[in-house]
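Pulled from TrEMBL, these are the features on record:
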type     : residues                       : note
ACT_SITE : His126                         : active site, proton acceptor
BINDING  : Cys134, Cys139, Cys187, Cys190 : Zn(2+) binding site
DOMAIN   : 1-293                          : domain 'Deacetylase sirtuin-type'
Amino acid sequence: MATPRTDTASFHAYLSSLQYPRIIALCGAGLSASSGLPTFRGPGGYWRTHEATSLATPGAFLCDAGLVWQFYSYRRHMALSVKPNPAHYALAELSRKLPGFQCFSQNVDGLHQRADHPREGLQLLHGTLFEVKCWSENCGYREENFTDPIVPALALPVDGKDPTATPDISDPKVPLSRIPIESLPQCPRCKRNALRPGVVWFGEQLPMQVLRNVENYLNDLAGVDLILVIGTSAKVYPAAGYVQEARQRGAKVAVINMDANDVPAGGWEDGDWMFKGDAAVIVPELLKPVIGEVVVPS
Ligand code: OAD
(Lines of atoms letter the chains of each structure in order from A and count residues from 1; the text may use other names and numbers.)
(Lines give C-alpha, C1' and ligand atoms only; values in the text may rest on other atoms or scores of the structure.)
Protein backbone atom coordinates (compact mmCIF):
# COMPACT_ATOMS: atom_id res chain seq x y z
CA MET A 1 0.00 0.00 0.00
CA ALA A 2 1.24 3.54 -0.81
CA THR A 3 2.26 5.96 1.95
CA PRO A 4 0.25 9.19 2.06
CA ARG A 5 1.97 12.58 2.00
CA THR A 6 1.68 14.70 5.13
CA ASP A 7 3.09 18.05 3.98
CA THR A 8 0.81 21.04 3.53
CA ALA A 9 3.09 22.57 0.86
CA SER A 10 2.41 19.84 -1.73
CA PHE A 11 -1.33 20.06 -0.97
CA HIS A 12 -1.32 23.86 -1.45
CA ALA A 13 0.66 23.49 -4.67
CA TYR A 14 -1.94 21.05 -6.03
CA LEU A 15 -4.86 23.24 -4.94
CA SER A 16 -3.30 26.30 -6.56
CA SER A 17 -2.67 24.41 -9.80
CA LEU A 18 -6.39 23.70 -10.37
CA GLN A 19 -8.00 26.04 -12.89
CA TYR A 20 -11.70 25.30 -12.28
CA PRO A 21 -11.47 23.20 -9.12
CA ARG A 22 -14.05 20.45 -8.64
CA ILE A 23 -13.77 19.52 -5.00
CA ILE A 24 -15.82 17.38 -2.62
CA ALA A 25 -15.67 17.48 1.17
CA LEU A 26 -17.03 14.28 2.72
CA CYS A 27 -17.66 15.20 6.36
CA GLY A 28 -18.39 13.22 9.49
CA ALA A 29 -18.84 13.68 13.21
CA GLY A 30 -15.14 14.49 13.77
CA LEU A 31 -15.76 17.84 12.05
CA SER A 32 -18.00 18.87 14.93
CA ALA A 33 -15.90 17.24 17.67
CA SER A 34 -14.03 20.39 18.60
CA SER A 35 -17.36 22.25 18.79
CA GLY A 36 -18.07 19.85 21.65
CA LEU A 37 -20.29 17.18 20.09
CA PRO A 38 -19.42 13.51 20.56
CA THR A 39 -18.61 11.25 17.60
CA PHE A 40 -20.41 7.95 17.04
CA ARG A 41 -17.70 5.38 17.45
CA GLY A 42 -15.53 7.14 19.99
CA PRO A 43 -15.98 6.95 23.77
CA GLY A 44 -19.03 9.21 23.43
CA GLY A 45 -20.76 6.66 21.20
CA TYR A 46 -23.12 5.52 23.96
CA TRP A 47 -26.29 7.22 25.16
CA ARG A 48 -27.21 5.93 28.62
CA THR A 49 -26.79 2.17 28.22
CA HIS A 50 -27.64 2.22 24.51
CA GLU A 51 -25.21 2.23 21.64
CA ALA A 52 -26.15 5.44 19.83
CA THR A 53 -26.44 3.58 16.52
CA SER A 54 -28.99 1.14 18.01
CA LEU A 55 -31.40 4.03 18.71
CA ALA A 56 -31.14 5.25 15.12
CA THR A 57 -33.48 2.69 13.56
CA PRO A 58 -37.17 2.55 12.63
CA GLY A 59 -37.39 -0.59 14.79
CA ALA A 60 -36.23 1.33 17.88
CA PHE A 61 -38.89 3.99 17.22
CA LEU A 62 -41.60 1.34 16.85
CA CYS A 63 -40.45 -0.31 20.04
CA ASP A 64 -40.14 2.84 22.20
CA ALA A 65 -40.79 6.12 20.37
CA GLY A 66 -40.54 8.02 23.67
CA LEU A 67 -36.99 6.80 24.32
CA VAL A 68 -35.90 7.51 20.74
CA TRP A 69 -37.38 11.03 20.95
CA GLN A 70 -35.64 11.59 24.32
CA PHE A 71 -32.36 10.68 22.60
CA TYR A 72 -32.98 13.02 19.65
CA SER A 73 -34.38 15.81 21.80
CA TYR A 74 -31.18 15.60 23.86
CA ARG A 75 -29.08 15.73 20.67
CA ARG A 76 -31.05 18.75 19.40
CA HIS A 77 -30.48 20.45 22.75
CA MET A 78 -26.73 19.68 22.71
CA ALA A 79 -26.34 20.76 19.08
CA LEU A 80 -28.07 24.07 19.82
CA SER A 81 -25.84 24.65 22.84
CA VAL A 82 -22.58 24.57 20.79
CA LYS A 83 -21.25 26.70 17.96
CA PRO A 84 -19.85 25.98 14.50
CA ASN A 85 -16.04 25.85 14.56
CA PRO A 86 -13.51 27.35 12.10
CA ALA A 87 -13.71 24.27 9.84
CA HIS A 88 -17.47 24.76 9.32
CA TYR A 89 -16.83 28.42 8.45
CA ALA A 90 -13.92 27.49 6.15
CA LEU A 91 -16.08 25.02 4.20
CA ALA A 92 -18.90 27.57 3.95
CA GLU A 93 -16.47 30.16 2.60
CA LEU A 94 -15.01 27.64 0.13
CA SER A 95 -18.54 27.03 -1.11
CA ARG A 96 -19.02 30.77 -1.72
CA LYS A 97 -15.65 31.01 -3.50
CA LEU A 98 -15.80 27.88 -5.67
CA PRO A 99 -18.91 26.96 -7.66
CA GLY A 100 -17.36 23.53 -8.28
CA PHE A 101 -17.23 22.67 -4.57
CA GLN A 102 -19.80 20.39 -2.93
CA CYS A 103 -19.95 19.41 0.73
CA PHE A 104 -21.41 15.95 1.29
CA SER A 105 -22.04 15.82 5.02
CA GLN A 106 -23.16 12.95 7.19
CA ASN A 107 -23.68 15.36 10.10
CA VAL A 108 -27.21 16.07 11.28
CA ASP A 109 -26.20 18.66 13.89
CA GLY A 110 -27.13 21.80 11.94
CA LEU A 111 -23.66 23.36 12.35
CA HIS A 112 -23.02 23.71 8.58
CA GLN A 113 -26.29 25.61 8.23
CA ARG A 114 -25.52 27.79 11.26
CA ALA A 115 -22.13 28.63 9.68
CA ASP A 116 -24.14 29.93 6.67
CA HIS A 117 -22.99 27.24 4.30
CA PRO A 118 -24.78 28.02 1.00
CA ARG A 119 -27.69 25.59 0.74
CA GLU A 120 -26.97 24.63 -2.89
CA GLY A 121 -23.43 23.56 -1.97
CA LEU A 122 -24.47 21.31 0.91
CA GLN A 123 -25.81 17.77 0.58
CA LEU A 124 -27.07 16.51 3.93
CA LEU A 125 -26.71 12.79 3.33
CA HIS A 126 -28.30 11.77 6.65
CA GLY A 127 -30.88 14.56 6.96
CA THR A 128 -30.92 16.95 9.89
CA LEU A 129 -32.06 16.99 13.52
CA PHE A 130 -33.86 20.25 12.80
CA GLU A 131 -36.40 18.84 10.41
CA VAL A 132 -39.24 16.64 11.65
CA LYS A 133 -41.60 14.55 9.55
CA CYS A 134 -44.69 12.39 9.87
CA TRP A 135 -43.99 8.79 10.82
CA SER A 136 -46.21 7.80 7.91
CA GLU A 137 -44.50 8.15 4.54
CA ASN A 138 -47.94 8.21 2.88
CA CYS A 139 -48.76 11.41 4.75
CA GLY A 140 -45.42 12.99 3.78
CA TYR A 141 -45.69 15.98 6.17
CA ARG A 142 -42.35 17.61 7.11
CA GLU A 143 -41.29 20.89 8.68
CA GLU A 144 -38.17 22.70 9.84
CA ASN A 145 -38.26 22.99 13.61
CA PHE A 146 -35.69 24.46 15.98
CA THR A 147 -37.92 24.57 19.08
CA ASP A 148 -36.20 23.12 22.13
CA PRO A 149 -37.88 21.18 23.64
CA ILE A 150 -40.17 20.41 20.73
CA VAL A 151 -42.99 19.41 23.14
CA PRO A 152 -43.22 19.97 26.93
CA ALA A 153 -42.93 16.24 27.66
CA LEU A 154 -39.40 16.29 26.22
CA ALA A 155 -38.17 19.09 28.50
CA LEU A 156 -35.02 18.05 30.34
CA PRO A 157 -35.71 17.13 33.98
CA VAL A 158 -34.88 19.66 36.67
CA ASP A 159 -32.47 18.79 39.47
CA GLY A 160 -34.47 18.25 42.70
CA LYS A 161 -31.83 20.02 44.82
CA ASP A 162 -30.80 22.79 42.39
CA PRO A 163 -33.68 23.94 40.16
CA THR A 164 -31.27 25.96 37.96
CA ALA A 165 -29.28 22.82 37.01
CA THR A 166 -30.31 20.30 34.33
CA PRO A 167 -29.11 16.76 35.00
CA ASP A 168 -27.36 15.09 32.07
CA ILE A 169 -29.86 12.49 30.85
CA SER A 170 -27.20 10.74 28.78
CA ASP A 171 -25.94 9.44 32.14
CA PRO A 172 -27.79 6.19 32.95
CA LYS A 173 -27.71 7.08 36.65
CA VAL A 174 -30.09 10.00 36.00
CA PRO A 175 -33.67 8.64 36.13
CA LEU A 176 -35.67 9.07 32.94
CA SER A 177 -39.46 8.93 32.83
CA ARG A 178 -41.23 6.91 30.16
CA ILE A 179 -43.03 9.12 27.66
CA PRO A 180 -46.29 7.86 26.12
CA ILE A 181 -46.63 8.29 22.36
CA GLU A 182 -49.55 10.76 22.78
CA SER A 183 -47.19 13.22 24.51
CA LEU A 184 -44.74 13.22 21.58
CA PRO A 185 -44.99 15.72 18.72
CA GLN A 186 -48.01 14.84 16.56
CA CYS A 187 -48.50 15.27 12.83
CA PRO A 188 -50.64 18.37 12.22
CA ARG A 189 -51.62 17.15 8.72
CA CYS A 190 -52.90 13.60 9.09
CA LYS A 191 -53.46 13.93 12.86
CA ARG A 192 -53.01 10.18 13.15
CA ASN A 193 -49.28 9.70 13.67
CA ALA A 194 -46.42 10.98 15.76
CA LEU A 195 -43.77 13.09 14.09
CA ARG A 196 -40.25 11.66 13.95
CA PRO A 197 -36.83 13.27 13.59
CA GLY A 198 -35.91 14.03 9.96
CA VAL A 199 -32.71 12.03 10.06
CA VAL A 200 -31.84 8.94 8.05
CA TRP A 201 -31.90 5.84 10.19
CA PHE A 202 -30.06 2.60 9.64
CA GLY A 203 -31.92 0.52 7.08
CA GLU A 204 -33.41 3.60 5.40
CA GLN A 205 -32.78 5.18 1.98
CA LEU A 206 -30.93 8.47 1.78
CA PRO A 207 -33.15 11.42 0.78
CA MET A 208 -33.94 11.04 -2.96
CA GLN A 209 -33.15 14.64 -3.93
CA VAL A 210 -29.80 14.52 -2.11
CA LEU A 211 -28.90 11.26 -3.87
CA ARG A 212 -29.80 12.81 -7.22
CA ASN A 213 -27.67 15.90 -6.50
CA VAL A 214 -24.70 13.72 -5.52
CA GLU A 215 -25.05 11.50 -8.60
CA ASN A 216 -25.36 14.52 -10.91
CA TYR A 217 -22.22 16.04 -9.43
CA LEU A 218 -20.23 12.81 -9.66
CA ASN A 219 -21.39 12.10 -13.20
CA ASP A 220 -20.44 15.54 -14.54
CA LEU A 221 -17.97 15.04 -17.39
CA ALA A 222 -15.62 17.58 -15.77
CA GLY A 223 -14.63 14.86 -13.24
CA VAL A 224 -13.44 15.50 -9.68
CA ASP A 225 -10.05 16.96 -8.72
CA LEU A 226 -10.01 16.36 -4.99
CA ILE A 227 -11.99 14.77 -2.18
CA LEU A 228 -11.37 15.95 1.38
CA VAL A 229 -12.38 13.24 3.83
CA ILE A 230 -12.92 15.16 7.05
CA GLY A 231 -13.52 13.65 10.49
CA THR A 232 -15.26 10.53 9.33
CA SER A 233 -14.47 6.90 9.89
CA ALA A 234 -16.04 6.46 6.41
CA LYS A 235 -17.54 3.10 7.30
CA VAL A 236 -21.19 3.82 6.54
CA TYR A 237 -22.34 3.44 2.92
CA PRO A 238 -23.14 5.02 0.53
CA ALA A 239 -21.04 7.88 1.98
CA ALA A 240 -17.96 5.67 2.36
CA GLY A 241 -18.21 4.66 -1.31
CA TYR A 242 -17.93 8.27 -2.50
CA VAL A 243 -14.16 8.23 -1.89
CA GLN A 244 -13.70 5.46 -4.43
CA GLU A 245 -16.22 7.04 -6.81
CA ALA A 246 -14.32 10.33 -6.67
CA ARG A 247 -11.03 8.50 -7.30
CA GLN A 248 -12.51 6.85 -10.40
CA ARG A 249 -13.26 10.35 -11.71
CA GLY A 250 -9.67 11.48 -11.22
CA ALA A 251 -9.74 12.82 -7.66
CA LYS A 252 -6.81 12.90 -5.29
CA VAL A 253 -7.73 12.05 -1.70
CA ALA A 254 -6.84 14.10 1.39
CA VAL A 255 -7.86 12.70 4.78
CA ILE A 256 -8.14 14.97 7.81
CA ASN A 257 -8.59 12.89 10.94
CA MET A 258 -7.43 12.63 14.56
CA ASP A 259 -6.69 8.98 13.98
CA ALA A 260 -4.02 8.23 11.36
CA ASN A 261 -5.31 4.65 11.18
CA ASP A 262 -8.65 5.74 9.74
CA VAL A 263 -7.66 4.77 6.22
CA PRO A 264 -10.22 5.35 3.43
CA ALA A 265 -12.03 2.30 2.02
CA GLY A 266 -9.76 0.85 -0.65
CA GLY A 267 -6.59 1.95 1.16
CA TRP A 268 -4.04 4.63 0.34
CA GLU A 269 -2.94 5.37 -3.22
CA ASP A 270 -0.02 7.34 -4.61
CA GLY A 271 -0.62 11.08 -4.33
CA ASP A 272 -2.96 10.91 -1.30
CA TRP A 273 -2.51 13.09 1.77
CA MET A 274 -3.13 12.30 5.44
CA PHE A 275 -3.31 15.25 7.84
CA LYS A 276 -3.52 14.00 11.39
CA GLY A 277 -5.15 16.27 13.96
CA ASP A 278 -8.16 18.42 14.73
CA ALA A 279 -10.26 19.30 11.68
CA ALA A 280 -11.08 22.70 13.21
CA VAL A 281 -7.38 23.62 12.96
CA ILE A 282 -6.31 21.75 9.82
CA VAL A 283 -9.18 22.48 7.42
CA PRO A 284 -8.85 26.31 7.56
CA GLU A 285 -5.08 25.95 7.13
CA LEU A 286 -5.42 23.69 4.08
CA LEU A 287 -7.95 25.96 2.39
CA LYS A 288 -6.09 29.21 3.05
CA PRO A 289 -4.81 29.68 -0.56
CA VAL A 290 -8.43 29.87 -1.74
CA ILE A 291 -10.33 31.44 1.17
CA GLY A 292 -7.68 33.40 3.11
CA GLU A 293 -8.03 33.71 6.89
CA VAL A 294 -11.28 32.31 8.27
CA VAL A 295 -13.46 34.80 10.12
CA VAL A 296 -15.35 33.24 13.02
CA PRO A 297 -18.13 35.52 14.27
CA SER A 298 -17.78 36.30 17.99
P1 OAD B 1 -17.54 8.25 13.50
O2 OAD B 1 -17.76 8.41 14.97
O3 OAD B 1 -17.68 6.89 12.90
O4 OAD B 1 -16.10 8.77 13.14
C5 OAD B 1 -15.64 10.00 13.59
C6 OAD B 1 -14.28 10.18 13.01
O7 OAD B 1 -13.81 11.46 13.38
C8 OAD B 1 -13.24 9.19 13.51
O9 OAD B 1 -12.51 8.72 12.39
C10 OAD B 1 -12.36 10.01 14.45
O11 OAD B 1 -11.00 9.55 14.46
C12 OAD B 1 -12.47 11.37 13.82
N13 OAD B 1 -12.26 12.52 14.71
C14 OAD B 1 -12.61 12.66 16.02
N15 OAD B 1 -12.34 13.88 16.47
C16 OAD B 1 -11.80 14.58 15.43
C17 OAD B 1 -11.34 15.90 15.24
N18 OAD B 1 -11.38 16.82 16.23
N19 OAD B 1 -10.85 16.25 14.03
C20 OAD B 1 -10.80 15.34 13.01
N21 OAD B 1 -11.23 14.06 13.13
C22 OAD B 1 -11.75 13.69 14.30
O23 OAD B 1 -18.53 9.29 12.79
P24 OAD B 1 -18.97 9.35 11.28
O25 OAD B 1 -17.89 8.93 10.36
O26 OAD B 1 -19.59 10.68 11.07
O27 OAD B 1 -24.97 7.54 10.59
O28 OAD B 1 -20.10 8.28 11.23
C29 OAD B 1 -20.80 8.11 10.03
C30 OAD B 1 -22.22 7.76 10.29
O31 OAD B 1 -22.27 6.65 11.15
C32 OAD B 1 -23.00 8.82 11.02
O33 OAD B 1 -23.55 9.83 10.17
C34 OAD B 1 -24.09 8.02 11.63
C35 OAD B 1 -23.22 6.94 12.21
O36 OAD B 1 -23.78 5.85 12.64
C37 OAD B 1 -26.30 7.62 10.77
O38 OAD B 1 -26.81 8.07 11.78
C39 OAD B 1 -27.08 7.08 9.63
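Each residue, glycine too, has its Cβ placed from N, Cα and C.
Note: TrEMBL annotation is automatic and uncurated.
Positions of TrEMBL features highlighted on the structure.
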residue	record	Cβ within 10 Å
His126	active site, proton acceptor	21
Cys134	Zn(2+) binding site	22
Cys139	Zn(2+) binding site	16
Cys187	Zn(2+) binding site	21
Cys190	Zn(2+) binding site	14
Spatial separation of His126 (active site, proton acceptor) from Cys190 (Zn(2+) binding site) - C-alpha basis, Å: 25
Cβ under 6 Å from ligand 1: qualifying recorded positions of His126, Cys134, Cys139, Cys187, Cys190: His126
Neighbours of Cys134, Cys139, Cys187, Cys190 excl. site residues, C-beta within 8 Å of centre, Zn(2+): Trp135, Ser136, Asn138, Gly140, Tyr141, Arg189, Lys191, Arg192, Asn193, Leu195
Rounded Cα-Cα span from His126 (active site, proton acceptor) to Cys134 (Zn(2+) binding site), Å: 17
